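Look at TrEMBL and you will find B:520-535 tagged as compositional bias 'Basic and acidic residues'. Annotated domain 'Cytochrome b/b6 N-terminal region profile' per TrEMBL: B:18-244, in sequence order. Sequence annotations record features per position, and here TrEMBL assigns region 'Disordered' to B:515-553. Summarising the annotation, TrEMBL assigns transmembrane segment to B:51-70, B:116-135, B:147-167, B:179-200, B:212-236, B:266-286, B:336-357, B:377-396, B:416-437.
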Amino acid sequence: MTTHDTRPGSTGGADTAGPLHGGPDDEYTPEQLAAMPREDLDRLGARYDGVEVLHVEPGPEPGSALERRYVRQIGAVFALAGLAAFGFVVVYLGSGWFLPDWEWTIDSGTWSTLFTPLLGALMGLSLILVGLGMVLYARKLLPHETAVQDKHDGSHFDRVTTGATLVGGLHNSGLARRKLITRSLAFMGGGLGLMLLLPLGGMIKNPNTGNPLGRTSWAEGVRLLRDDGTPIRPGDQVAGSLETVFPAVPGGNRQADAATMLIRLRPEQVAESDPRAGQADFGYGDYVAYSKICTHAGCPVSLYEQETSRILCPCHQSQFDVTQGAKPVFGPATRSLPQLPLAVDDEGYFVARSDYIEAVGPTYWNRERI
Amino acid sequence: MARTATAPGAPTTRLGKAAHEIDDRLIVAGPLRRTLNKVFPDHWSFLLGEIAMYAFIVLLLSGTYLTFFFDPSMREVTYEGSYAPLRGVEMSAAYDSALDLSFDVRGGLFMRQVHHWAALLFVAAIIVHLLRIFFTGAFRRPRETNWLIGVTLMVLALLEGATGYTLPDDLLSGTGLRIISAIILAIPVLGTWAHFAVFGGDFPGELIIGRFYIVHVLLIPAILLALIAVHLLILVKQKHTQFPGPGRTEHNVVGNRLFPTFAAKAGGLFFIVFGVIAALGGLVQINPIWLWGPYNPAQVSAASQPDWYIMFLDGSTRLFPAWDINLPGNYTIPALFWPTLVLPGILFTLLALYPMIERKLTGDTASHHLLQRPRDVPVRTSLGAMALTFYLLLIISGGNDVLADKFSISLNAMTWVGRLGLIVLPPLAYAFTYRVCLGLQKHDREVLEHGIETGVIRRLPHGEFIEVHQPLGPVDEHGHGQLAYGGAPVPKRMNQIGGARRAIRGFFTPIEEPAQVELEQQREERGVASAEARELTGSGRPSEGGKPQEPRD
């Protein structure tokens with residue numbers, strides 16, 4: 001064996017293609033193939049692909065009543081599909097032109113309510129009919145053939161020769177012997193990987209800087225405002241009612257962790273009230289204020305059932321008892337809703353005495369316990 | 001086709017010449033023939049994965065359309081569109097553009113609903129496809145790789161769905177996002193850091209919609225597309241599995257060639273899937289975001305539920321007891337961590353590793369291309385039933401407040417039913433399924449040994465009544481069948497072995513001559529008519545019949 005190519009072409013000799021492509025092209029001359037009918041050619045090709053057609057059940061006889069019937073059926077299905085498609089076009093284009101307007105307004109008629117359903121019905125009908133037509137065609141008019149294809153597991157020959165090529169290449173590279181190169185490659189790979197990953201570091205922010213998770217906008221003297229921005233006096237709420245309040249800071253009613261429930265307890269509730277240790281004076285008279293953000297997954301706890309003094313979170317059904325310092329009494333929540341210390345300012349409006357004394361919202365790893 | 005004898009086999013038609021020109025340049029005739037000749041087995045359950053793929057195509061098409069109008073930004077704007085009840089309301093640009101899509105883009109609402117329905121169907125088809133693969137043992141060697149890719153595809157589909165659910169920034173999706181935020185915060189040690197990396201700060205920040213958007217429209221779809229391609233390439237390379245049946249072995253595939261039968265049926269299925277999604281998208285309202293209003297951290301609706309495929313996690317979150325783990329030094333592992341991250345982590349890991357686990361336990365390392373009937377592998381089937389019970393109970397618990405409301409059940413009772421049910425019901429499902437599998441197996445053997453019950457009662461000369469049984473094959477001297485069970489369905493009714501005459505074709509009026517059909521039936525070698533034509537012997541039932549047939553369940 002030599003590595004020097006002496007074939008014609010490389011040395012300036014005649015450059016001719018080899019004899020066809022080998023394999024089947026050697027076994028079947030163009031003349032032989034030209035003499036074969038189409039069915040045989042089909043079977044021949046299939047055999048080369050490992051496929052044997054075992055059995056063909058021909059479709060309905062051409063010209064028979066059965067065939068005419070199937071052709072009529074399938075033709076009708078495709079025609080209907082086209083009709084529905086054109087119907088879609090008419091509804092889509094015609095609305096607002098020769099049909100009523102499609103746009104919904106508070107006083108618009110039925111057409112705008114029908115527009116989307118009509119689009120769906122027509123497109124759905126059209127596409128389903130196309131699919132139905134194709135399936136019917138395959139089932140009713142095409143010959144049913146049963147074909148068998150061989151399935152091969154991997155070839156031993158391929159494995160051995162490919163392995164030899166791979167191992168040969170690796171061996172020739174000498175990487176196994178040249179330790180210095182493998183080591184420097186490993187070093188390089190580590191460095192390169194880190195280098196390419198590091199720009200993602202732009203996403204990292206320190207969650208402990210300024211304790212954003214533990215703070216809200218509430219602070220000493222910040223008024224409690226309703227969603228519409230009005231302040232609240234102790235006489236404003238009836239006993240047993242709940243009002244969602246926000247800190248009187250710009251955008252306070254859109255902040256994710258500031259929403260607070262101001263609840264006026266009924267006399268019976270006050271009587272059985274059992275606030276958390278050290279928080280007995282957080283309320284103001286018969287008023288208490290708790291964070292609205294669930295300590296479980298952060299949903300706003302919203303459903304207050306005053307007969308049972310329970311607040312229910314609609315997301316995961318944690319229940320908190322407002323007479324017991326909003327302690328969780330059922331469901332997956334583990335911690336009481338934080339309580340906002342209340343006071344009343346010179347003008348007689350509710351204010352906070354300070355921020356919440358613990359983090360509001362869901363629990364996290366280094367959340368301080370009180 | 002007539003040929004002129006210039007060069008033998010040279011194309012004469014214009015189409016033929018064009019094909020010749022193409023093959024001269026691209027040399028595709030060989031690979032194309034191999035593709036056209038590829039044999040696909042035929043069974044309805046093999047179409048489930050196809051349905052998932054077609055739903056994915058619809059998702060790509062409709063999703064691309066939506067991006068032309070959607071603005072993934074959390075910039076505050078005032079709504080001025082045509083939906084009067086929200087006019088003048090402050091909202092994010094994302095919600096504003098989603099409303100415009102629904103009200104001010106011609107056909108936009110239709111496309112949005114098509115996209116949503118396609119997503120629901122996509123995940124559903126994936127899961128049903130997975131169940132088919134699991135219960136028939138199609139994941140066994142050599143298909144473990146494709147099983148792993150499939151499980152990855154499913155997890156990615158869930159993430160894709162969850163990110164898409166968040167984008168419109170309405171009250172419902174914002175509530176979902178808030179829970180996602182809490183879940184990330186719940187990761188021990190790294191939670192707050194991970195949250196600030198993902199959200200760019202405290203919840204909600206101003207970045208998250210834009211980030212989820214690019215994940216939803218580029219990153220995950222690109223990975224999905226690539227993995228689906230690999231999934232299909234491996235399928236083509238390994239060839240499809242098939243159920244046992246006549247002529248079917250571990251070393252062949254029996255079915256239809258790709259062209260034209262399989263292509264016509266698969267193409268038809270694509271159009272049907274597309275059509276069903278389009279019909280749902282137009283006719284069945286889904287996620288009417290204008291009713292929810294813009295996201296507001298202080299508001300929530302009762303019965304806030306995720307899309308169905310996330311319900312199992314919502315359920316686990318509702319059921320998990322209030323168990324914070326308080327560590328020394330003021331550190332906490334939040335209770336939320338277990339049902340939302342650990343549980344799906346365990347579930348998906350077990351699922352992904354199942355082929356390896358089963359291989360280890362059974363010691364079966366052989367290659368399998370023939371599928372198993374679930375009844376023949378009672379342990380696996382029962383494990384599957386157990387897992388399915390667990391999963392369904394989680395889904396039901398994800399809507400336990402709605403059930404409690406609609407059926408006037410105590411909400412707390414529903415929670416306890418879920419908690420206890422998760423422990424009690426799966427083992428019961430295991431035992432029940434195992435028993436059913438054994439029963440079905442025994443019945444198959446019984447029919448093979450004694451034949452099909454014909455319903456014909458005979459009185460013997462000494463007065464005893466017996467039911468005549470139709471043997472399925474040759475019998476020994478005691479009248480017991482000699483056919484062995486081959487893993488294929490055993491016919492159990494006379495009609496399945498040709499016990500009835502073929503119906504005369506025609507809907508309003510017959511389009512065949514009944515007498516002609518009768519003659520044709522008598523010429524055939526099976527069925528009642530031919531038996532009657534031969535002679536009335538024995539029970540008057542066909543004496544020839546059913547080897548195990550093609551699966552038809």
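Cβ atoms here come from the backbone N, Cα and C positions, even for glycine.
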Is it the case that the transmembrane segment (B:116-135) and the transmembrane segment (B:416-437) have 3 or more CB pairs under 8 Å, with pairs at least 6 apart in sequence?
no
For the transmembrane segment (B:416-437), what are the same-chain contacts with Cβ under 8 Å, counting residues 6+ beyond its ends?
315, 318-319, 321, 374-379, 381-390, 393-394, 396-397, 400
Are the transmembrane segment (B:179-200) and the transmembrane segment (B:266-286) close, by which I mean at least 3 Cβ pairs under 8 Å that are 6+ residues apart in sequence?
no
Outside the transmembrane segment (B:147-167), six or more residues from its ends: residues with CB under 8 Å to it:
70, 72, 94, 98, 119, 122-123, 126-127, 129-130, 133, 139, 173-174, 176-177, 180, 208-209, 212-213, 215-216, 220-221, 223-224, 227-228, 230-231, 234, 306-307, 309-310, 348, 351-352, 354-355
Between the transmembrane segment (B:266-286) and the transmembrane segment (B:51-70), do 3 or more CB pairs sit under 8 angstroms, pairs being 6 or more residues apart?
yes
Report, as numbers and ranges, every residue of the chain located at least six residues beyond the transmembrane segment (B:266-286) whose Cβ falls under 8 Å of a Cβ in that stretch; write 'none' if there are none.
47, 50-51, 54-55, 57-58, 110-111, 113-118, 120-121
Between 0 and 100, where does the mean pLDDT of the domain 'Cytochrome b/b6 N-terminal region profile' (B:18-244) sit?
96
